[in-house]
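Taken from Swiss-Prot as is:
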- 783: active site (ACT_SITE)
- 646, 648, 654, 731: Zn(2+) binding site (BINDING)
- 185-199: compositional bias 'Polar residues' (COMPBIAS)
- 208-219: compositional bias 'Basic and acidic residues' (COMPBIAS)
- 233-248: compositional bias 'Basic and acidic residues' (COMPBIAS)
- 262-285: compositional bias 'Low complexity' (COMPBIAS)
- 522-532: compositional bias 'Polar residues' (COMPBIAS)
- 22: phosphoserine (MOD_RES)
- 220: phosphoserine (MOD_RES)
- 240: phosphoserine (MOD_RES)
- 451: phosphoserine (MOD_RES)
- 554: phosphoserine (MOD_RES)
- 23-27: region 'Interaction with CTBP1' (REGION)
- 110-139: region 'Disordered' (REGION)
- 136-154: region 'Interaction with MEF2' (REGION)
- 175-343: region 'Interaction with MAPK10' (REGION)
- 183-249: region 'Disordered' (REGION)
- 218-261: region 'Interaction with ETV6' (REGION)
- 262-304: region 'Disordered' (REGION)
- 494-536: region 'Disordered' (REGION)
């Protein structure tokens, strides 16, 4: 027991944490027994590690690049900041230098002024102390010559015997001084143009020349120049009709004439010196207008001294009678009435006696209103080319023509419609309103300022008598014309009724005409000839110049005028029909020849000056088509469309420029095609017509200029404030986009004119007045949508015209063929659901990658309009480009069969010529020839009885579009076209075209409804 315990104790002494040390195993056989790694796996591991390393390197590289860029940007910003600071420093230095230079210049100017002032101060004392006996100035050679001439004339005057009766006005020194005194530079002095001041002249009695020498001073040449400049300024200021006279009095023509005669006889100096220099010779000079001469008469001084009485008593009356005493040949655009100079033998004798009396210097009885005694004189009035003994007759003729001018002025101002009556002879026949307007005006109406003599009372009475007789004749002729108008208007009304009898109308017309000719009095030869000519030409020349009339005061006169205007309205509008309109209505108007209306075409007196179409009494031909359609081809064009251009004026950056239509118009003129066509006067389309397709906001925005826009509601004009209408272009102009430029003043008018030209031309073709037509218009329109302007287009001319024809002229079915290389997205949008209009477009599509991106083959319409929208969308780009073969194949397989099935009443063609060869790829890039366009037009003329209207759309190569326009107009005229090449006729279209056509046929075969 004890031994067991001791053994346990021994075992417990061994350390528990120590392990027995085993020997190192150095055998290699155990390693060979371990599993071997597959080399493929090892390769993959290595590749993964390599990729990981590469990724780490890329990340490190990107980090380095980013760090480099960041540092580079920081350095760049620092460099820019340093440059800005350096520039600021340079600018500051430059400004300081400029300020220093300015200060130096100012200092230099001050020094120069100071030196000049000192120099003048040094020169003044010698001048102030100069002896008065010495000369103060040296006279110029001109002044010396004038002085010598004056002294010679003075000595000649002394040599001639002088008495109280032989003093002429031109040689009286005191009178010369009086006339010269009025050339002072006072504000009330008259200008050099011949108008006289309103104050009166006081002429002192005759004095000896030794006591009153007329020379006031001897002016040197610089003084003359200064005076002439000041006089010219005063003359320019006083000659303005807008400035009132400070004197306050009305200057009569008679007073002006009397002073002008006096002044012209005493002074004829140069314009530079005025009347301050003496006369050139002993005789007076002719006045500015060369209408009168004042010879030295025994009573010249008496005549001048009595001038004040004449002016005071008769100036106002004469002013009210004859407001313009000159230019009898001006007729204000109306034919002058022949003067009556051969009234009777007694009148001739009276004129002869008066002429003899005038030659002797004795005034006629009552010549100056009865205020001049018999001893006064009257200057001889000589006209150019007239002897002195015929002065009275020439003056009489002059006054008669002046009275006619006054009557014509009343006619233009709103008097009697055709033959106004003279207020001199028949004051009781003028309405109170008219009589009130012809009282003495406070401000004289503007007219030519002349110095012809005013008529005298005896001559005025003669004028009154002759004008009264002439007025009676004209009044009878006017009444006859009104009666003939009534009869002819009745005959026209009978023609419109089915049971009208032309023979009865003719007999009634002839009977009334004979009765009026019997009642017409026969007075003078000229009056009778005028009367007969007026009656004979009444039927052929129906119509007269309609002048705006002033409203009459009395109700009775207003009713009479209203009745007469109503009776004449139907008849007066007939001459305004254009020749093409009358030709189209030849079937309806053939019976009018029986009553004298066959001269309607021959006598076209007055053409309309408005841009709107002329109104007609007969029914509109579009409502009831004539039996035979017109045979003419119309051309619509207006120069207003040339003004639509960018303000930069560079046509190279803007392909849609004014040279397009200008070149086409010139080509048509050069080839003579324009002479074979009917020129159609264009007009601006109304906003209501534009709103047939476009929204009200769009039509107001692009259809009005800034002047018109001020009158519109700004809320309608601006619309959505968030919408941006115009933007600045790189060239400096404005535009809707980078291509569609906008001119604030002219673009709206040009766009409306383009629409109006197409409407006018299509209306005349639809009504039968024209066979077909071509509208040479710009800007184009087939890209313009309801509220969007794009692609050079603002208003869709063809779409608006189509709706106008359908709504206004009842054209039920219209075919629109778009030949432009770009798709007409605006036209498609306007008629996408409309079954009355078939739209066919041939355009480059390229799967939507060509502008405007629309026009896919599967866009066939919607609703009732499904199948009435056909897009011949070419694909495949320009490898190869489409040409004549492809377009002819499209017409043969799709356009012609579908159009014949549709059977349109009218064909509108969007004639875009940018598919022609010569256009760059961005603008088209196709290779269609101009000859092909002519043949395509000829094929379209087989539809709708030939009623085809082409409207220019795109096309920017000038030579190409001119050739195509010439070919199309030749086709419209029916001329022989240049044949296409044989290889084109027998060639097959390219594969891209075949694929496109097959796809279109497949799609349309399922959607066409009218087949």
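Cβ atoms are placed via backbone N, Cα and C, with glycine included.
Features per Swiss-Prot, on structure.
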residue: 646; record: Zn(2+) binding site; Cβ contacts under 8 Å, 6 or more apart: 653, 654, 729, 731, 733, 735, 741, 743
residue: 648; record: Zn(2+) binding site; Cβ contacts under 8 Å, 6 or more apart: 729, 731, 732, 733
residue: 783; record: active site; Cβ contacts under 8 Å, 6 or more apart: 790, 791, 792, 793, 796, 822, 824, 825, 826, 852
**OP:** Note down the number of other Cβ atoms within 10 Å of the Cβ of residue 654 (Zn(2+) binding site), including every protein chain shown.
**Re:** 22
**OP:** Across all the protein chains here, work out how many other Cβ atoms are within 10 Å of the Cβ of residue 731 (Zn(2+) binding site).
**Re:** 16
Original post:
If you run the three-state DSSP split on residue 648 (Zn(2+) binding site), which class comes out?
Top reply: coil
Original post:
Can you list the residues of the same chain, besides 646, 648, 654, 731, whose Cβ falls within 8 Å of the Zn(2+) site's Cβ centroid?
Top reply: 645, 647, 649, 650, 651, 653, 729, 732, 733, 741
Subject >> Assigned element (helix, strand, coil) containing residue 731 (Zn(2+) binding site), judged by DSSP >> reply: coil
Original post:
Any idea what the model's mean pLDDT is for the region 'Interaction with MAPK10' (175-343)?
Top reply: 43
